[in-house]
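Q: Please see the structure below; I have some questions.
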Amino acid sequence: MTTGTTAAAGSTSPDALWRARRTTSLAMFALVVLVAFESFAVTTVMPEVAAVLDGRSLYAFAFAGPLATGVVGMVLAGAWADRRGPAAPFTAGTVVFVLGLVVAGVATSMPVLVAGRLAQGLGGGAVNVTLLVAVARAYPAVLHPRVFAWFSTAWVLPSVVGPAVAGLLAELAGWRWVFLGVALLVVPATVPLLGAVRGLGPVRHDDTPDGGPAVRDGAGRRVLWAVLVAAAVLALNVAAQLPRPWSAPVAVVAAVGALAAARPLLPRGALRMRPGLPSVITTRVLVSGAFFGAQVYVPYLLVDRDGWSTSASGLGLSTAALAWSASSMVQGRLGHRLPSRSAVRTGTALVAVAVVGATVVTVLGLPAWAVVAVWTAAGAGMGMASSRLNVLVLGWSTPQDQGRNSAAHTIGDSVGASLALALTGVLVVLVGGGDGYAGPGPFVAAFALTAVLALGAAVAAPRVGVPPTERTPAAGAAVPGTVPSEPGTVPSEASPPLPADGIAPTSASST
């Protein structure tokens with residue numbers, strides 16, 4: 001079957017290829033917008049929900065729960081997509097996501113609402129992975145940067161208007177319609193997309209010597225590891241809410257447990273920054289942890305230190321979101337004229353400079369505009385790096401393991417952000433004492449920890465390599481017969497010649 005990595009499509013201009021997939025692209029864009037709106041909207045109305053349902057004790061769980069179940073959904077959908085194609089897991093994930101929205105929307109108690117949120121996380125994790133697989137198989141590689149640029153824009157728009165729209169909707173119709181309204185809109189948005197993914201059938205595995213990834217991975221074991229990761233992620237997000245003597249030990253144990261359980265779900269060598277796909281995943285873990293771990297303290301700093309109002313403090317996040325979108329669109333327009341490795345190196349360097357800059361700004365007590373400026377740079381860096389990390393995951397994958405590698409990528413994103421948020425939360429409480437946010441100390445501690453992660457991402461970025469989809473046959477043919485020493489990693493010599501369909505002869509291997 002034709003996949004997104006085919007080279008033959010290169011004879012057609014990218015614009016013509018894009019126009020031929022306009023309906024699919026619009027449907028994907030609409031779905032991502034709705035999922036993003038739901039995320040920002042729920043954050044806005046959840047305080048009211050907890051008050052109405054008398055569920056303040058479960059407030060943190062309502063956010064941590066979907067993160068945890070999302071990991072399980074990612075693993076299930078990845079294995080399912082590799083075996084049967086993306087249509088079935090996409091449909092199942094969408095149904096579970098909508099069901100979770102409905103349950104949350106009609107909930108009369110906080111435990112029922114949390115149950116709906118758990119279903120949302122499970123379905124949302126599956127949808128995220130299958131969308132990546134669908135992009136890989138429905139679009140040629142030359143369009144991947146453009147697709148992920150649109151995905152970034154689809155997240156930015158709701159981040160700017162989502163909270164205000166959600167607040168207005170809650171006032172006019174009630175908080176329940178934040179959940180139910182999204183459920184009603186998701187259904188028509190997915191109909192045209194279902195038609196597109198239904199044609200992306202399974203990839204044959206019987207032509208691989210070891211029976212294909214479904215056999216060698218042990219799907220049951222991977223699901224078990226995913227459940228353990230989910231439990232650790234849940235513990236991480238709850239740790240900061242525990243009394244002070246318990247928060248740090250629980251966070252450390254949960255962090256170690258999350259990394260240990262995630263290791264079998266990631267490509268072999270990810271923790272050692274092995275070149276190629278393993279370093280792509282490592283870079284994603286570190287840069288996501290750095291950015292999202294630091295971002296939550298930007299508005300806090302502007303309110304606590306500079307006396308800004310809550311609404312004004314969102315300026316730093318809004319400018320970063322706009323910079324993210326603009327940077328992502330730039331890399332999308334440049335396409336393969338900008339090598340993905342160069343884009344990731346530039347993006348992670350910007351994030352590192354920005355997070356280190358936030359630390360310096362806080363230590364020196366520089367004005368609020370300096371905080372906004374450095375965080376805008378962080379957004380620009382994420383827009384460049386995040387989109388191209390997605391491209392690299394697909395570039396290093398064969399059709400047989402696109403689901404598994406996409407799941408590893410999204411798990412790394414989730415675990416990295418959860419680890420950073422939990423550990424910075426505990427650190428802020430420890431440094432701030434009983435007052436939590438008195439003085440610059442807690443902010444310096446949070447930014448310094450995430451700066452270490454950002455610098456780690458900048459170190460890992462050059463090792464992401466050049467995937468087969470971005471190599472020319474002439475360059476690859478320099479040393480015929482040279483193959484990577486490990487599937488999914490960078491060869492020590494020149495790359496092997498690409499076959500006629502442009503698909504790499506080896507696949508990225510996970511333990």
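Every residue gets a Cβ built from N, Cα and C, even glycine.
Keep in mind that this is a model prediction, so the values were computed, not measured.
Sequence annotations record features per position, and here TrEMBL assigns compositional bias 'Low complexity' to 469-484. Sequence annotations record features per position, and here TrEMBL assigns domain 'Major facilitator superfamily (MFS) profile' to 24-465. Per TrEMBL, region 'Disordered' is recorded for 469-511. The transmembrane segment annotation in TrEMBL covers 26-46, 114-135, 147-169, 175-197, 223-240, 246-266, 278-302, 308-326, 347-366, 372-396, 408-431, 443-461 (among others).
Are these features on the surface or tucked inside, and what touches them?
A: Listed as Cβ neighbours of the transmembrane segment (26-46) (distance under 8 Å, sequence separation of 6 or more from its ends, same chain) are residues 59, 62-63, 97, 101, 120, 124, 127, 131, 134-135, 147, 150-151, 153-155, 157-159, 162-163, 165-167, 169-170, 175, 178-179, 182, 185-186, 189-193, 196.
Below 8 angstroms of C-beta separation, residues 152-153, 156, 159-160, 295, 298-300, 302, 368, 371-372, 375-380, 382-383, 386 of the same chain, each at least six residues beyond the ends of the transmembrane segment (308-326), sit close to that stretch.
Packing against the transmembrane segment (347-366) from elsewhere in the chain are residues 283, 287, 290-291, 294, 298, 301, 305, 327, 374-375, 377-378, 380-386, 388, 440, 443-444, 447-448, 450-451, 453-455, 457-458, 460-461: each is 6 or more residues past its ends and has a CB under 8 Å from a CB in it.
Sequence-distant contacts of the transmembrane segment (372-396), counting only residues of its own chain at least 6 positions beyond either end whose CB sits under 8 Å from a CB of the stretch, comprise 4-5, 132, 135-136, 141, 144-145, 148-149, 151-152, 276-277, 280-281, 283-284, 287, 291, 294-295, 298, 302, 315-317, 319-332, 340-341, 343-344, 346-355, 357-358, 361, 402, 405-406, 408-409, 457, 461, 464-465, 467-470, 488, 504, 508.
Among residues of the same chain six or more beyond the transmembrane segment (408-431), those with a C-beta under 8 A of the stretch's C-beta atoms are 67, 70-71, 74-75, 78, 125, 128-129, 132, 226, 229, 233, 236-237, 239-240, 244, 247-248, 251, 254-255, 258-259, 262, 265-267, 270, 280-282, 284-290, 292-294, 296-297, 389-390, 393, 437, 441-443, 445-446, 449-450, 453, 510.
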Q: Short question: which residues 6 or more past the ends of the transmembrane segment (147-169) have a Cβ under 8 Å from it?
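A: Apart from its flanks, the transmembrane segment (147-169) reaches 25, 28-29, 32-33, 36-37, 39-45, 135, 139, 177-178, 181, 317-318, 321-322, 324-325, 328-329, 331-333, 383, 386-388, 390-391.
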Q: So if I exclude everything within five residues of the ends of the transmembrane segment (223-240), which remaining residues of that chain have a CB under 8 angstroms from its CBs? That is, six or more out.
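A: Tertiary neighbours of the transmembrane segment (223-240) are 60-61, 63-65, 67-72, 74-76, 79, 246-248, 250-251, 253-255, 257-258, 261-262, 264-265, 411, 414-415, 418-419, 421-423, 425-426, 429.
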Q: Please give the average pLDDT for the domain 'Major facilitator superfamily (MFS) profile' (24-465) in this predicted model.
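A: Mean pLDDT for the domain 'Major facilitator superfamily (MFS) profile' (24-465): 85.
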